[in-house]
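Database features (Swiss-Prot):
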- ASP13: active site, proton acceptor (ACT_SITE)
- HIS43: active site, proton donor (ACT_SITE)
- 12-18, 42-44, ARG258, 284-286, 324-326: GTP binding site (BINDING)
- ASP13, GLY42: Mg(2+) binding site (BINDING)
- ASP13, GLU14, GLY15, LYS16, ASN40, ALA41, GLY42, HIS43, THR127, ARG141, GLN179, THR194, ARG256: IMP binding site (BINDING)
- THR252, VAL253, THR254, GLY255, ARG256, ARG257, ARG258: substrate binding site (BINDING)
Amino acid sequence: MTCTIVVGGQWGDEGKGKIISYLCKKDNPSIIARGGVGPNAGHTVEVDGEKYGIRMVPTGFPNVNAKLAVGAGVLTDPEVLIKEIKMLEKFNVGERILVDYRCGIIEEVHKELDKSNEHLSKEIGSTGTGCGPANVDRAMRTLKQGKDVESISKYLGDVSEAVNEALESGDNVLIEGTQGSLLSLFYGSYPYVTSKDTNAASFAADVGIGPTKIDEVVAVFKSYPTRVGEGPFPTEMSLQEAENLGVVEYGTVTGRRRRVGYFDHELAKKVCRLNGATQIAITCLDKYDSDCYGITDYEKLSEKGKAFIKEVEEKVGVKVTLISTGPKLEQTIDVRNE
């Protein structure tokens with residue numbers, strides 16, 4: 001039995017979707033549970049050459065043997081949830097998903113408030129998905145819960161009970177975190193942050209398990225960190241420099257161009273300490289050095305690629321166990337058992 005939490009080590013967009021999908025296929029967890037804020041964070045999952053952009057359904061959906069869960073701590077937009085369940089019909093998501101009946105519900109009024117609030121939309125760079133205003137209502141105890149919404153009633157249940165029972169039965173459980181540690185309401189670059197905490201301890205609470213149940217925390221870092229929206233970015237490079245390096249990306253939810261920077265070892269060390277990270281996953285190593293593209297054996301990485309990994313391990317103090325060298329699941333180096 002292993003309970004693994006995957007967290008973003010930067011400002012989101014680290015490539016958690018790819019790492020989560022790989023772990024779900026490799027480790028075959030019985031439950032893949034989603035923690036985090038809500039539908040304000042997007043993940044892109046590629047299956048057999050087809051890309052799926054999702055915001056509510058856990059990114060481990062390609063593993064058709066696993067139950068998919070959305071924890072009580074996750075804000076749920078029924079419209080987005082139902083749309084994604086239909087989009088992923090061939091993966092039988094509708095029969096496998098369990099949404100906690102205590103989850104908070106995002107309504108149209110929350111989205112309208114999010115988009116019309118000048119402070120949120122212009123100064124902070126909110127995604128406009130209604131999460132901030134919904135969390136305000138939750139704090140005021142006026143927010144609807146999943147049990148109050150008929151359209152999703154057939155998907156509702158007790159996620160905490162399901163996850164704890166799976167762990168007690170000796171099954172593997174994977175908990176997906178969203179966004180990134182540096183967007184945490186408590187530990188990020190306030191006020192340019194999201195509307196709740198985005199670290200491992202909070203993700204565990206989101207799905208209803210205690211801290212002693214957690215075995216592994218995988219912190220995901222992109223070789224070139226990116227950020228959408230406003231806020232400090234200590235190692236940010238110019239847009240022209242990013243273009244020269246071939247690093248041009250756009251946000252899954254907002255469509256806005258991502259700001260790009262160089263790897264920040266000091267911030268990475270703080271993030272790993274904050275999350276109690278037991279291992280690191282590095283994504284987009286092929287963007288750092290194109291000679292690393294598609295490599296699946298660590299020893300066959302270029303010297304430049306190996307030097308990057310070694311520097312991360314030495315300066316951050318946590319072992320790099322997973323390395324993504326391309327968008328496909330098989331384009332992954334896994335040294336967890338070495």
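Keep in mind that glycine also has a Cβ here, set from the backbone N, Cα and C atoms.
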Using Cα positions only, nearest of the recorded positions to ASN40 (IMP binding site) (ASP13, GLY15, LYS18, LEU285): ASP13
Chain-internal residues, separated by at least six, CB under 8 A from LYS18 (GTP binding site): VAL45, GLU46, THR283, SER324, PRO327, LEU329, THR332
Where HIS43 (active site, proton donor) sits in the secondary structure, as DSSP reduces it to three classes: strand
HIS43 (active site, proton donor) versus GLY15 (GTP binding site) - Cα distance in angstrom: 8
Fewest other C-beta atoms within 10 angstroms, as judged across ASN40, THR44, THR127, GLN179, THR325, which are the binding-site residues: THR44
Other CB atoms within 10 A, centred on ARG257 (substrate binding site): 14
DSSP state at LYS18 (GTP binding site), helix/strand/coil: helix
CB contacts for GLY42 (Mg(2+) binding site) [other CB atoms within 10 A, all chains]: 22
Proximal residue to HIS43 (active site, proton donor) among binding-site residues GLN179, GLY255, ARG256, ARG257, LEU285 (C-alpha distance): GLN179
Integer Cα-Cα distance in angstrom, THR44 (GTP binding site) to ARG256 (IMP binding site): 15
Largest tally of Cβ atoms lying within 10 Å of a Cβ, found at which of the binding-site residues GLY12, GLY255: GLY12
Rounded distance in angstrom between the Cα atoms of THR325 (GTP binding site) and GLY255 (substrate binding site): 24
